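Visitor: Let me begin by handing over the structure; questions about it come next.
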Amino acid sequence: MFALTEIFHGDSYGLTNLGELSPEYTDQIAEITFGSITLPVGTFVSGFSGMSFILASIIILVLPFVLSSLLGGSLRIQIIGAASALILILVLRFTASDAARGGALLAIGVFSTLTLIMLIKENVSTNRRTLAIFLTIMILCTGIVLFPSTMSGTPSEQLPQQGSQSTEEQTAQKESTESSSAVEPSDISIPMFDLSNLGPRLQQYTTGISLFIEQPIFGIGGANFADTSQKYGLTDGLPIHNIYLSLLTETGFVGFVLYMSFLATILWQGMQKVVITTDTIPLQIAVLAGVLGYLGFMFWDHLLFNSIVGSFTFYTICATLVNGDQ
């Protein structure tokens with residue numbers, strides 16, 4: 001609710017001691033217009049999480065829990081659940097993270113699909129009111145996530161050239177790329193999403209793969225990409241915005257296999273619980289959907305390795321997913 005007030009305020013309040021992002025670090029990236037109302041979209045929508053993307057990641061984990069309340073209980077519970085879901089997804093839309101929007105769509109899709117499969121497979125009877133509320137909120141949440149802003153449809157920026165290349169090499173590479181591909185990176189766009197940062201991300205990924213090839217077994221060392229990448233022309237000094245490539249680059253094949261085995265075990269245990277404990281299927285599906293949505297978000301971000309708030313919430317939810325005591 002506090003983040004909701006930040007949207008209408010248009011900036012943070014400066015309550016940094018409580019976890020709000022400082023106004024000097026906030027940005028208004030775009031605007032959303034609905035009728036005569038225009039509201040800013042930016043990193044200031046952080047609540048008390050420290051940053052808008054962190055808040056978005058927590059919303060992805062929590063949203064399926066709220067959606068599960070639509071499937072049972074009294075009408076009062078369903079109304080509260082519906083209102084809470086709409087508030088959560090509205091706040092997420094204003095956090096300026098298109099990666100989080102994708103993660104939210106994945107979580108909603110997984111939860112809706114598995115829930116409908118469960119209802120059909122277990123032959124669970126659902127009254128028309130519950131089904132109508134559930135489907136309506138699913139559609140509204142999806143619509144809010146996809147609602148365009150002034151930055152929607154922005155194409156990808158041109159990929160930066162690596163600093164170690166000479167002018168002749170860069171020219172030759174550009175001519176080779178133009179002759180072998182009819183589509184420039186700057187031509188790529190998706191109507192409802194902002195791809196202006198896709199080019200730099202792809203450059204990060206290319207550099208990360210190159211570093212992995214150089215040191216494939218144990219990588220370049222945890223959290224070393226930000227410094228090492230500057231030798232390859234990436235002057236921003238940022239970590240890889242993809243936890244999977246980050247693992248591969250910084251911890252090598254060994255670290256990647258170990259961590260992915262950990263994630264695979266969590267998801268496998270979660271699926272087993274869905275199959276075995278039919279009486280708690282809605283809750284298990286909610287947890288599983290949240291985890292999958294979060295992992296989808298992390299394909300384009302790095303908060304799992306850089307945010308204590310986000311990572312603690314994720315691992316707590318994972319522990320809930322594999323817990324044998326229902």
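Yeah, the Cβs are placed from backbone N, Cα and C, and that goes for glycine too.
The feature transmembrane segment is assigned by TrEMBL to 44-67, 79-96, 102-120, 132-151, 243-268, 280-297, 303-322. Positions annotated as domain 'O-antigen ligase-related' by TrEMBL: 85-260. The compositional bias 'Polar residues' feature in TrEMBL is assigned to 153-170. Look at TrEMBL and you will find 153-185 tagged as region 'Disordered'.
Can you tell me where each of these features sits in this structure?
Guide: Residues 1, 3-4, 7, 27, 29-30, 32, 39-43, 45-47, 52-53, 55-56, 59-60, 62-63, 66-67, 69-70, 73, 104, 133, 136-137, 140-141, 144-145, 147 of the same chain lie 6+ residues outside the transmembrane segment (79-96) yet bring a C-beta within less than 8 angstroms of a C-beta in it.
Note on the domain 'O-antigen ligase-related' (85-260): mean pLDDT across this stretch is 80.
Sequence-distant contacts of the transmembrane segment (280-297), counting only residues of its own chain at least 6 positions beyond either end whose CB sits under 8 Å from a CB of the stretch, comprise 56-57, 60-65, 67-68, 71-72, 97, 99-100, 102-104, 106-108, 110-111, 114-115, 118, 122, 263, 266-267, 270-271, 273-274, 304, 314, 317-318, 320-321, 326.
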Visitor: For the transmembrane segment (243-268), what are the same-chain contacts with Cβ under 8 Å, counting residues 6+ beyond its ends?
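Guide: For the transmembrane segment (243-268), the list is 204-205, 208-209, 211-212, 215-225, 288, 291-292, 295, 298-299, 301-302, 304-305, 318, 321-322.
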Visitor: Give the nonlocal contacts of the transmembrane segment (102-120) in its own chain as ranges (CB under 8 Å, at least six residues past its ends).
Guide: 56-57, 59-60, 63-64, 67-68, 71, 89, 92, 126, 134, 138, 141-142, 145-146, 193, 274, 281-282, 285-286, 288-290, 292-294, 296-298, 300
